[in-house]
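Okay, structure first, notes after.
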Amino acid sequence: MDKNALRKQILQKRMALSTIEKSHLDQKINQKLVAFLTPKPCIKTIALYEPIKNEVTFVDFFFEFLKINQIRAVYPKVISDTEIIFIDQETNTFEPNQIDCFLIPLVGFNKDNYRLGFGKGYYDRYLMQLTRQQPKIGIAYSFQKGDFLADPWDVQLDLIINDE
């Protein structure tokens with residue numbers, strides 16, 4: 001399917017989620033995130049995101065898990081039409097080499113774990129520059145899986161965590 005058509009279809013479905021249904025799915029996904037992160041004490045800094053357009057939301061017990069395990073969260077900040085950086089919102093500092101794991105929002109994903117974003121390429125450009133092999137985890141609802149071909153500039157994610 002054409003990426004733009006798929007993007008539109010998935011976004012419509014995501015925006016149609018009821019508050020109760022979204023909350024239930026978010027809880028399931030956050031439980032799976034905690035299960036994924038629990039056996040990994042080497043993760044001390046994690047890249048998160050502020051959800052937009054009904055993306056998966058991180059819930060209180062996930063943030064409590066981060067606090068208990070002393071995992072620092074950093075968030076993306078758009079600094080130009082083509083570039084993002086990740087900053088610690090508490091200290092307003094930018095330390096790209098200290099990110100141990102990326103939790104990445106997406107519009108859609110395919111069977112090979114390629115991410116369909118909003119089409120601006122921010123994450124693809126950023127992730128291509130990494131010098132370490134940090135885990136790149138897509139966060140999505142299961143209905144966001146679609147059939148599309150990756151472009152040469154698309155970055156393959158290591159794993160997609162969803163509600164299934």
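Glycine is no exception: its Cβ is also placed from the backbone N, Cα and C atoms.
Database features (Swiss-Prot):
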| type | residues | note |
| --- | --- | --- |
| BINDING | 3-7, 115-123, ARG125, TRP153 | ATP binding site |
| BINDING | GLU50, GLU55 | substrate binding site |
| BINDING | ASP124, ASP154 | Mg(2+) binding site |
Ranked by how many other Cβ atoms lie within 10 Å of their Cβ, the binding-site residues PHE118, TYR122 are led by TYR122
Fill in the CA-CA distance, ASP124 (Mg(2+) binding site) to GLU55 (substrate binding site), as an integer in Å. 18
For the C-alpha pair, I'd like the distance in angstrom between TYR122 (ATP binding site) and ASP154 (Mg(2+) binding site), rounded off. 11
Rounded to a whole number, how many Å is the Cα of LYS120 (ATP binding site) away from the Cα of ASP154 (Mg(2+) binding site)? 11
Quick one: among the binding-site residues GLU50, GLU55, which has the most Cβ atoms sitting within 10 Å of its own Cβ? GLU55
Same chain, 6+ residues apart, C-beta under 8 Å of the C-beta of ARG7 (ATP binding site), given in sequence order: VAL107, GLY108, LEU116, PHE118, GLY119
What's the most sparsely packed of the binding-site residues ASP124, ASP154, counting other C-beta atoms within 10 A? ASP124
Taking every protein chain shown into account, which of the binding-site residues ALA5, LEU116 has the largest tally of Cβ atoms within 10 Å of its Cβ? LEU116
Integer Å distance between the CA atoms belonging to GLU50 (substrate binding site) and ALA5 (ATP binding site): 25
Quick check for the class: what is the C-alpha distance, in angstrom and rounded, between ARG125 (ATP binding site) and ASP154 (Mg(2+) binding site)? 9
State the Cα to Cα distance, in Å, between LYS3 (ATP binding site) and GLU55 (substrate binding site), rounded to an integer. 18
